[in-house]
Amino acid sequence: MHLLQCLLSTISLASTVTAFVPYSFNLEVSTEGPPSNDVARRFVPWKLLLDDSYNNHGSSSNGVSLTLDLKKFPVRRDNKYKVVLADEPTTPNTAALNQEGLDYSYFATVRVGSQGQQMWLVLDTGGPNTWVFGSDCTTVACQRHETFGEAASKSLKLLPLNWAVGYGTGLVSGVLGTDSLSLAGLDVNMTFGLAKNASTDFESYPVDGILGLGRSANSNFNTPSFMETVATQRLLKSNIIGFSFSRNSDGARDGAANFGDLDTTRFTGDIVYTNTTGDSNNWRIPLDDASVNGTPCRFVNKTAVIDTGTSYAMLPPKDATVLHNLIPGAVTTSHGQNFTLPCNSTAVVQVSFSGLSYNISPKDYVGPAYGSACLSTIVGQALYGDDVWLLGDVFLKNVYSVFDYDNHRIGFANRSVPIASPTTTVAAAANPSATDGAGSTLTGSMAVHTGSASIVSRFVHWPFIFALLCMVLV
């Protein structure tokens, strides 16, 4: 975004594609659009298009609702969310990566402001911008989350600038402010957004905001990003982040993000790096190829955006079709947009970078049951054009990934085999103390995040797909 636009009354939060929405909507999304360098961050939820029998009103010709009952999860009751808390790490500068129990989203506890208010933020390499729900927000989505404002921090300085982020059915918008953020032993003073309005997209989702860890040094506020501030203050010996994502079915609560150094206990073999390519907005690297059961797909001139804020893998429809054609029993629906496959698939799916291949486990690419088959979590969506993939947590759960800000590269190694942790159901106290960490007060695998409002319990349909970005800059 140009400097002049940053001085306008509304600032768009992000400029890279990412995916992150708890609901699915009946939206028309183009899968064949050309790539654009001038897009603002937008989370666009969409519905699965299973076959041509579905009409534009969200139902089939037989009157069956398009909304898929993939899995019902009681995410909120009396302003509480059930989540799986990761074990508190013992290594320095490391944050526990919690999740909601479906491998759908991962988030860390960040302390905000002079009183160190605990908030759950997605650590998102898809963009450099950071925002939290503000205390001035009165929408239901905000009331169901922890909020932050002047009453919670004597050091908060509000700025006369606004921002807005577009969603499929609404907006999240607010003001900018400057205050301290503390994560993994790193204390950073920076500018971030405080949401004053939020659409229904976040009503049933656990997170209180997003911490942008994109490759760009500056956010779209034209202010330094979190990692740029860390680098300027020389808080780490190396400006790198290593991610290890938990898989809930493994029974281990070992998700973590470590800053400044490699955690050699979390991977086997060597880290092999690939230099980034393209503009500085994305963590994008050249993709060698993909294969199924050893048969190469023979993709050429492809690149992949590696995004911790995206749940699934999104490939251009033609590429997704080629890959699924090699999986025994896979069936293409929706013109290469969505796929079904055998629920007991054992096909070995691999992607290759810098001459090495990495598995995507059937535990990750086989999604929820649909009829006699299961849905594939590898989706046909051309978010950046016909030659760019978006690889999210479906892939990242299989590797230890390193984002190297100093040398502009991404490294992978195979994850260590996780060891299952004992599980205990516990509840978090309302308004958790600023002096008690999540690991010290919430020691079990199931915990409850508590806010200030009382909301009636309800079940929600969790979506099958994370979402995308498409709002064009004015």
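Cβ from N, Cα, C; glycine included.
Going by Swiss-Prot, these are the annotated features:
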ACT_SITE  ASP124  active site
ACT_SITE  ASP307  active site
DOMAIN    106-413  domain 'Peptidase A1'
CARBOHYD  ASN189  N-linked glycosylation site
CARBOHYD  ASN197  N-linked glycosylation site
CARBOHYD  ASN275  N-linked glycosylation site
CARBOHYD  ASN301  N-linked glycosylation site
CARBOHYD  ASN338  N-linked glycosylation site
CARBOHYD  ASN344  N-linked glycosylation site
CARBOHYD  ASN414  N-linked glycosylation site
LIPID     SER452  GPI-anchor amidated serine
SIGNAL    1-19  signal peptide
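Structure with Swiss-Prot features highlighted.
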{"residue": "ASP124", "record": "active site", "Cβ within 10 Å": "27"}
{"residue": "ASN189", "record": "N-linked glycosylation site", "Cβ within 10 Å": "12"}
{"residue": "ASN197", "record": "N-linked glycosylation site", "Cβ within 10 Å": "17"}
{"residue": "ASN275", "record": "N-linked glycosylation site", "Cβ within 10 Å": "12"}
{"residue": "ASN301", "record": "N-linked glycosylation site", "Cβ within 10 Å": "8"}
{"residue": "ASP307", "record": "active site", "Cβ within 10 Å": "29"}
{"residue": "ASN338", "record": "N-linked glycosylation site", "Cβ within 10 Å": "27"}
{"residue": "ASN344", "record": "N-linked glycosylation site", "Cβ within 10 Å": "9"}
{"residue": "ASN414", "record": "N-linked glycosylation site", "Cβ within 10 Å": "15"}
Nearest of the glycosylation sites (ASN189, ASN197, ASN338) to ASP124 (active site) - Cα to Cα: ASN189
Check: min Cα-Cα distance from ASP307 (active site) over glycosylation sites ASN189, ASN197, ASN301, ASN344, ASN414 goes to ASN414
In angstrom units, rounded to an integer, how far apart are the Cα atoms of ASN414 (N-linked glycosylation site) and ASN275 (N-linked glycosylation site)? 18
Out of the glycosylation sites ASN197, ASN275, ASN338, ASN344, give me the one sitting nearest to ASN189 (N-linked glycosylation site) by CA distance. ASN197
Do you know the mean pLDDT across the domain 'Peptidase A1' (106-413)? 93
At the Cα level, what's the spacing in Å between ASN197 (N-linked glycosylation site) and ASN301 (N-linked glycosylation site), rounded? 42
Going by C-alpha distance, which of the glycosylation sites ASN301, ASN338, ASN344 is nearest to ASN275 (N-linked glycosylation site)? ASN301
Spatial separation of ASN344 (N-linked glycosylation site) from ASN338 (N-linked glycosylation site) - C-alpha basis, Å: 18
Here the Cα-Cα span from ASN301 (N-linked glycosylation site) to ASN344 (N-linked glycosylation site), rounded to a whole number of angstrom, reaches 32
